[in-house]
C-alpha cells in the first residue's frame with residue numbers, strides 16, 4: 001500500500017532531529033531501475049522554496065533516480081544559504097547512491113522562513129540510506145507528516161504492474177498545477193514524455209481541484225518515477241486512468257485530514273459553458289468563508305452560494321440558477337424551492353450541486369468547512 | 001453626527017416587525033431640497049438583490065429625493081414577488097411624500113433568499129413618514145443594523161456646508177465599487193455629475209479597500225444626496241476631499257465592528273508598478289485565512305505574507321521582498337531579518353508593510369483577523 005509496492009523501489013523514513021518531538025522527519029525514495037523515467041509538477045506560486053528551485057532543474061531531462069524529503073522546515077525564504085543546504089542534501093544522497101546529484105529531487109515542508117540545520121539533514125540522509133528497504137514505504141510516508149494526523153498511502157494495481165504513492169498535506173491546500181508533497185512510483189515501462197502527459201492529466205482533475213483553505217503553498221511537489229521493473233508497457237490510456245485513480249485517492253485522503261475540518265464538501269457545477277468556468281464557479285464557493293462557516297454550523301445557506309457565484313465571470317443568467325445541497329434543490333430559478341429544513345448536514349460528506357444552464361461542461365472542486373479547530377490550529381502553528 | 005446634520009434632510013427609524021426582536025428595522029431619509037442631486041454606486045456582484053435592480057434604474061437621471069432602507073431581510077433571490085415588494089415600498093414612500101416612485105432608492109439587508117413581509121414594510125413606511133424629523137438621523141442609523149454591535153454615523157464640516165453619513169455592515173465585507181448600505185447627505189450645492197465624480201473618487205480609496213472576509217455582498221449600496229440647502233457651492237476638490245474623509249471614517253467604523261474580529265489589520269504595499277497592482281498584492285494577504293488566523297494567535301507569520309504575494313500577478317522579484325509587521329522588518333530580501341519576537345501583536349491595530357521595489361505606487365487594504373468568534377457568528381447566522 002506504499003511507494004515500495006511497485007517493483008524496483010526502496011525507501012526509508014528516519015528521525016533526523018528536525019522535529020522537536022524526535023519523530024521521523026527525513027524520507028528517501030530510490031528508484032532502482034532498470035528505467036529512470038520521471039515527471040513532476042510544482043506549485044504555481046511565484047514565491048517558491050529552495051527545494052523547488054533546485055528540483056525544477058533536476059526534472060528537466062526526465063531522469064530522476066531518488067527523492068529525498070524532509071518535514072520540520074520548508075527551507076523557503078532562507079536565502080542563498082538555504083539553497084546551498086538543498087544542494088548539499090542532494091549531493092549527500094548522490095554520493096551514497098553513486099549517482100549524480102542532478103538526478104535527485106529534494107522536497108521540504110514545514111514552517112516558512114526557518115533555516116534547516118544542514119548537518120542534521122546530511123546525517124539523516126546517511127541514516128536513511130542505511131535503512132533503505134523494499135518494505136520502507138510506510139516509514140517514508142510517516143517521515144513527511146507535519147500537521148497530518150495520519151500518513152497517506154495508495155496502491156493501484158494494473159495488469160502485471162502497479163502504481164504506489166504517498167502524500168502529506170493538511171493545510172495551505174489550494175494547489176494550481178500541483179499540491180503538497182506527493183511521490184508516486186510505478187514499475188510499468190513508461191517513457192518520460194508519456195509520464196508527463198499522464199501526470200498532468202491526473203493532477204488536473206485531482207490535486208488541482210482540491211481547495212481546502214484557498215492558500216497556495218510555496219513547496220508543492222508531485223513527482224512520479226517509473227522503474228520499468230515489471231517489464232510491461234501499458235497503454236497510455238490505461239496508465240493515465242490508473243494514475244488518476246491514485247492521485248484522486250491521495251487527494252481525498254488529504255481532504256479528509258485537512259486541519260480542523262468537520263465536513264468534506266464536494267462542489268459540482270453542471271452545464272457550464274466551459275470546464276474552466278465550471279472550475280472557477282465551484283472554486284468561488286469553495287473559497288467563501290461565509291459559506292464554509294455555515295456548513296460548519298449545519299446551515300444549508302444557499303444564499304451564500306449564489307453570492308459567491310456572482311463574483312465570477314462564468315457564463316450564467318443570475319436570475320436562473322439552481323442549487324442543491326445533499327440532493328435537495330433548495331433553489332430553483334434563483335428563488336427558494338424545496339425546504340432547506342430537509343437538508344441534513346450532520347454527516348461529514350456534503351454535496352453542493354449548481355446548475356448554470358449555460359452549456360454541457362462540469363467540474364467538481366473539493367473543500368472543507370471553516371471551523372473553530374481550523375482557526376485554533378492555524379493561530380498556533382509556529383508558536 | 002448623522003445624516004440629518006446637513007440642512008435640508010429629515011429622517012426616521014421605526015420598528016416594522018421584520019426583526020423578531022421588535023427592534024427598529026425600517027429607515028427613511030428624505031431630501032427636502034431645494035436641490036435633489038444624487039450619485040450612487042452599487043455592488044459589483046453579478047447576483048444582485050431586488051432593491052439593487054430597482055435602485056439602479058432610479059439613479060440614472062441623477063435625481064433622488066428619498067432613500068428607504070430595511071434590515072431583517074435582503075430581498076435577494078426572492079423572484080418576481082420580491083421585486084414587486086421593492087416596487088410597492090418605493091410607491092408607498094412616493095405616495096406619502098407626493099413625489100414619483102422613480103426618485104426613491106430602496107435598500108434591504110439581512111438574510112438572502114427570504115421574502116420580506118410586504119404589509120409590514122408598507123405599514124413601516126407610513127410610521128416612518130409620520131416620525132420624520134430633522135433630528136431623526138440617529139434612529140435611522142439604528143434601524144439598518146443587522147449583526148452590527150453599534151450604529152455608524154459621521155459628520156464632516158466644510159466651510160458653511162457639511163456632509164453627514166450613516167452605514168451598516170459587519171460581514172460579507174469585500175466590496176468592489178461599493179459596500180454595505182451607506183447613505184450620505186450634504187447641504188452643499190453639488191450638481192449630480194460632480195457628485196458622481198466625487199463619490200467614485202471617495203469610495204475607490206475607502207470602501208473598495210476594505211476586505212474583511214473576502215465575501216462580496218449582493219446588496220451593497222452607497223448613495224449621496226445633495227440638498228443645496230446651505231446655498232454654498234464648494235470646489236469639487238474640497239468637496240471630494242470631505243466626502244473621502246466621511247467615507248473613510250465610516251469604513252473604519254465598519255472595520256472595527258466586523259464580526260468576531262480581534263484585530264484591525266492595515267496592509268500597505270509600497271513601491272508597486274501600478275496602484276492596481278498594489279491593491280491586488282495587499283488584497284491577496286487580506287484574503288489569506290492562514291495569515292489572518294496567525295494574527296488572531298498574535299503570531300507574526302511573515303512566511304504566509306510571502307506565500308500570498310506569490311499568488312498574484314503584481315510585478316516584483318520573489319527573491320527581493322521586504323516585509324514589516326508593526327514597524328519591525330521581519331523579512332528583507334525575502335530572507336529572515338529582524339527578530340519576529342520583537343513584533344507585539346497584542347493590541348487591536350496591526351500594520352503590515354510590503355515593499356515590492358518595482359515602482360512608486362502604493363495602496364492600503366484593511367482587513368480583520370480570522371477568529372473563533374467569526375466562525376461562531378457565521379455558522380449560526382440563519383439558524
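Glycine residues also receive a Cβ, built from the backbone N, Cα and C atoms like all the rest.
Not measured: the values here are computed from a predicted model.
Here's what TrEMBL has on this protein:
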- B:179: active site, nucleophile (ACT_SITE)
- B:146, B:168, B:179, B:259, B:378, B:383: substrate binding site (BINDING)
Inset, instruction - Provide the three-state secondary structure of residue B:168 (substrate binding site) computed with DSSP. - result: strand
Inset, instruction - Check each of B:146, B:259, B:378 (the binding-site residues) against chain A and write down, in sequence order, those whose C-beta lies under 8 A from a C-beta there; write 'none' if there are none. - result: B:378
Legend entry - binding-site residues compared (B:146, B:378) - the one with the fewest other Cβ atoms within 10 Å: B:146
Legend entry - Same chain, 6+ residues apart, C-beta under 8 Å of the C-beta of residue B:168 (substrate binding site), given in sequence order: B:71, B:109, B:141, B:144, B:145, B:146, B:148, B:151, B:152, B:180, B:181
Inset, instruction - Tell me whether residue B:378 (substrate binding site) sits in a helix, a strand or coil according to DSSP. - result: helix
Legend entry - Number of other Cβ atoms within 10 Å of the Cβ of residue B:259 (substrate binding site) across all protein chains: 26
